[in-house]
Amino acid sequence: MARAFLFVLDSFGIGHAPDAARFGDEGANTFGHIAGACAAGRADRAGLRTGPLDLPHMQSLGLNAAAAIAAGREPERGFASTGFFGAAEERSTGKDTPSGHWEIAGVPVPFEWGYFPETTPSFPAELTGRLIREASLPGILANCHASGTEVIARLGEEHIRTGKPICYTSADSVFQIAAHETHFGLDRLYAVCETARRLVDDYRIGRVIARPFVGESAETFERTANRRDYAVPPPEPTLLDRVEAAGRRVIGIGKIGDIFAHQGVTEVRKAAGNMALFDAALGAMDDAREGDLVFANFVDFDSLYGHRRDVAGYAAALEAFDRRLPEALGKLRAGDLLILTADHGCDPTWRGTDHTRECVPILGAGPGLAKGSIGRRRSYADIGETIASHLALPAGRHGVSFLNALQHA
């Protein structure tokens, strides 16, 4: 029997998707634009990083070749990868976190999420009125589209004075609630989010997100690691449910449990920051038994650097991840499969602060598996189906496994 390890570099797109124009994202390229900025010296930051983007281990697996495939080009002739590589398009109608992860796990999202308009106020009066009444709140602040760090800096002090939570949204299907961990209370914030989750179901909102923070002034406010996502359950069983139904474990690292509304996730291991998440993933690799799936999300790429349009920070985070990749590769044993991918793009050079509609990389390795191109995949769901095949699980309805190509190339 086999084991599988699935690492999602949150938002690490490799070039605009065929339907990117529908999202206003034609030309977006998270990886390409970061690499270009680094090569031009525009991502140098004293004490952080300098020079061209340095990702030798992902490049060895085939990152550049995957980006070429995403762009419709042939990979560089003569390139000999140390693993397999390809690019995948998204079939889901959105470019959000749940859609990307659910599709990776074999279930594209066929319906349109609900969204709140970019107006002030953004939320329907009926929704906010019910939230205030049912959660016993003195009111709410913000009620608009906003960057989380900006809106906390702007309204955090008023929140502490008044006890009103900060409620905001974005171009994603989200209702976010920020509150101070001690002045408002972490458990109280979670309770308010549970109420909001129930109320926004009528609006087809994908996630309610608790955004706790600490500090006493606009200069010192800082979000903590106690974020919690309250997601709609996937519309049908995912790869995770198939693993669980077979009596095996799904170890979710980071926010995986929240993204799947804890359906099919048998164990959750939380950590703060990409490097701590990497430590947790390595620990789970050590603990994984035959037939288990370790599913990790590395959120900092998206939340700290993509949305904040921080090119140097994103580049440094990629380089830090790449430096540690040999630790994961070194833990692979006969029968193991490791896949690196992403759930969408978030080009830090792009206009605005939101996700970008992009193809994502598929990079992977495993003892005895073939090396080279798996080509352009027409759905992220091919990743989940490949893992299902590898773990000898029943096939799903949406993706096409490429495991046979890895075993018989």
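Glycine too: its Cβ is placed from the backbone N, Cα and C atoms.
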Field: Among His355, His390 - the residue Swiss-Prot places in the same Mn(2+) 2 site as Asp302, His307
entry: His355
- prompt: Reported as an integer number of Å, what is the Cα distance between His307 (Mn(2+) 2 binding site) and Asp343 (Mn(2+) 1 binding site)?
  reply: 14
- request: Return the member of Asp10, Asp343, His344 nearest to His355 (Mn(2+) 2 binding site) in space, with distance defined Cα to Cα and candidates limited to these binding-site residues.
  value: His344
Field: Cα proximity to Asp302 (Mn(2+) 2 binding site), best match among binding-site residues Asp10, Asp343, His344
entry: Asp10
Cβ-centroid neighbourhood (8 Å) of the Mn(2+) 2 site, Asp302, His307, His355 excluded: Asp10, Ser11, Ser303, Gly306, His344, Cys346, Thr353, Asp354
- line: For Mn(2+) 1, residues beyond Asp10, Asp343, His344 with C-beta within 8 angstroms of the site's Cβ centre include exactly Val8, Leu9, Ser11, Phe12, Gly13, Thr97, Gly100, His101, Asp302, Ala342, Gly345, Cys346, His355, Val360
